[in-house]
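*Asks:* Quick one: the structure is below, questions incoming.
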Amino acid sequence: MSGAGEAKPMTARRSGPLRGAATIPGDKSVSHRALILGALSVGETRIEGLLEGGDVLDTAAAMRAFGAEVERVGPGAWRVHGVGVGGFAEPDDVIDCGNSGTGVRLIMGAMATTPIAATFTGDASLRLRPMGRVTRPLSLFGAAAHGRSDGRLPLTVIGAADPAPIEYRSPVASAQVKSAVLLAGLNAPGITTLIESEPTRDHTERMLRGFGAEVETEVTAAGRYIRLVGQPELRPASLTVPRDPSSAAFPVAAALIVEGSDVLVPGIGLNPTRAGLYATLREMGADLTFENERAEGGEPVADLRARFSPDLKGVETPPARAASMIDEFPILSVVAAFADGRTVMRGVKELRVKESDRIDAMARGLEAMGVRVEETEDSLTVHGLGAGGVPGGGVAAARLDHRIAMAFLCLGLGARDGASVDDASPIDTSFPGFGALMAGLGARFDAATAAA
Ligand code: S3P
């Protein structure tokens with residue numbers, strides 16, 4: 001959905017203290033999965049707190065195209081009448097997943113073991129992203145993918161008529177690849193096994209169990225073996241989507257770098273496979289507390305409180321932590337600019353194939369804001385300038401990437417001369433209401449005079 005309209009330049013100005021409570025929208029990863037598993041179960045699934053951002057709305061539209069009834073019954077409240085495992089109908093038009101790698105890759109998995117064809121496309125960002133990492137394992141089930149020679153979208157997947165279960169070791173640490181394989185395994189008889197070397201977000205495994213599938217995870221020295229028993233009858237579920245820790249990261253980070261701030265973000269999902277940023281911020285000396293730790297909808301949640309932290313120190317993030325904070329490196333790079341000393345992010349080459357090449361996007365944007373950086377294929381180093389030390393005043397290119405746009409707007413709130421982004425419109429893919437939420441805390445955003 002992003003990238004089709006006009007660019008919306010935006011400027012963030014150095015702001016006074018950010019204060020108050022921020023209600024963060026639902027988790028994007030969990031929202032996609034709730035719609036897809038709802039569509040694959042028989043009967044009515046009820047979802048509360050669904051993220052109503054562009055990416056998830058595209059997945060909702062796709063589930064309708066495959067034959068499920070998907071209905072919005074109130075703000076964040078949705079009902080899905082599923083068609084059952086193997087029950088997807090052949091869509092009569094192209095499936096446009098907009099900006100969403102998660103949407104397209106999970107949906108390809110969900111349809112790949114049903115004998116139907118579907119053609120997938122997306123926006124200019126998604127059409128640059130690699131799809132072979134998903135179509136290769138899907139071909140082992142008996143599916144075929146036809147399209148561009150470089151394996152990118154648009155492409156057509158022909159689902160397997162007689163799918164065979166597979167055992168597959170994922171060559172990349174990717175929850176999208178893992179999830180595509182498990183969703184495809186649902187309609188293959190017997191046991192499908194996905195092996196991952198590094199743990200990645202486990203929302204699919206948790207939610208599959210919630211819908212009645214048999215999934216077990218065995219951790220051995222050779223990796224994490226995730227085994228799914230195929231052809232279950234998925235039972236519809238009632239679920240509440242936790243608030244997105246990857247979205248919460250933006251107001252949290254802004255509070256850490258803007259003098260005098262004290263911000264509470266209630267009810268944030270803190271699944272350990274997603275919480276790497278928060279561990280890193282604490283190592284940097286961030287004044288960050290977790291209150292009211294509890295479980296909601298099968299996921300751990302807590303209220304986060306972040307206060308201005310004038311003595312942040314640079315740190316090194318190890319490759320083993322990368323997967324648990326893979327979407328948070330843009331905002332970590334911003335916090336790092338306000339820390340004393342260097343922050344080195346290692347083992348992050350996957351950032352080069354996100355909504356943009358996030359190493360390059362952050363490096364060029366930070367340079368435009370007066371911050372020194374170094375990059376390799378697999379790392380990013382930010383030379384911090386300390387609290388109040390970031391000049392800012394530049395324009396960062398958002399490159400159709402919501403997290404790049406939000407990261408630089410947060411930087412501008414603490415930088416001497418603010419910061420602009422050339423296009424804030426992609427933010428709606430994951431965090432609708434970001435501007436109003438931040439303004440409610442005291443952020444000075446200005447849409448009119450941006451992008452000098
Ligand atoms: C996601 C997995 C991650 C992450 C993305 C959401 C998911 O991608 O970057 O924003 O919901 O499974 P990879 O699996 O490609 O690392």
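Backbone N, Cα and C atoms are what each Cβ position is placed from, and that goes for glycine too.
TrEMBL: automatically predicted annotations, no manual curation.
Sharing the record's features from TrEMBL:
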- 1-24: region 'Disordered' (REGION)
- 15-434: domain 'Enolpyruvate transferase' (DOMAIN)
- Lys28, Gly101, Arg129, Gln176, Arg358, Arg403: phosphoenolpyruvate binding site (BINDING)
- Lys28, Ser29, Arg33, Ser174, Gln176, Asp327, Lys354: 3-phosphoshikimate binding site (BINDING)
- Asp327: active site, proton acceptor (ACT_SITE)
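Tell me about the surroundings of these features in the structure.
*Replies:* Taken residue by residue, the region 'Disordered' (1-24) breaks down under DSSP into 0 helix, 7 strand, 17 coil.
The average pLDDT computed for the domain 'Enolpyruvate transferase' (15-434) is 97.
Arg358 (phosphoenolpyruvate binding site) has a Cβ environment of 25 other Cβ atoms inside 10 Å.
In the shown protein chains, 26 other C-beta atoms lie within 10 A of the C-beta of Arg33 (3-phosphoshikimate binding site). Secondary structure at Arg33 (3-phosphoshikimate binding site), as computed by DSSP, is helix.
Within the same chain, residues at least 6 positions away in sequence whose Cβ sits under 8 Å from that of Asp327 (3-phosphoshikimate binding site) are Ser246, Lys354, Arg403.
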*Asks:* In Å, rounded, how far does the Cα of Arg129 (phosphoenolpyruvate binding site) sit from the Cα of Arg33 (3-phosphoshikimate binding site)?
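*Replies:* About 20 Å separate the Cα atoms of these two residues.
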*Asks:* Out of Arg33, Ser174, Arg358, which binding-site residues lie by ligand 1, with a C-beta less than 6 Å from some atom of it?
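*Replies:* Cβ < 6 Å from ligand 1, in sequence order: Ser174.
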*Asks:* How many whole Å apart are the CA atoms of Gly101 (phosphoenolpyruvate binding site) and Arg33 (3-phosphoshikimate binding site)?
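*Replies:* Their Cα atoms are separated by 13 Å.
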*Asks:* Per the record, phosphoenolpyruvate is bound by Lys28, Gly101, Arg129, Gln176, Arg358, Arg403: how many Å separate the farthest pair of Cα atoms?
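*Replies:* Between the most distant Cα atoms of the phosphoenolpyruvate site, 19 Å.
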*Asks:* Any idea what DSSP makes of Lys354 (3-phosphoshikimate binding site), helix, strand or coil?
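*Replies:* Lys354 (3-phosphoshikimate binding site) sits in coil per DSSP, no helix or strand.
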*Asks:* Fewest neighbouring Cβ atoms within 10 Å: which of the binding-site residues Ser29, Ser174?
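*Replies:* Per-residue Cβ counts within 10 Å for the binding-site residues Ser29, Ser174 bottom out at Ser174.
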*Asks:* Rounded to an integer, what is the Cα-Cα distance in Å between Lys28 (phosphoenolpyruvate binding site) and Ser174 (3-phosphoshikimate binding site)?
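*Replies:* Each residue's Cα considered, Lys28 (phosphoenolpyruvate binding site) and Ser174 (3-phosphoshikimate binding site) end up 16 Å apart.
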*Asks:* Using a 10 Å radius around its CB, how many other CB atoms surround Lys28 (phosphoenolpyruvate binding site)?
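*Replies:* Within a 10 Å radius of the Cβ of Lys28 (phosphoenolpyruvate binding site) lie 26 other Cβ atoms.
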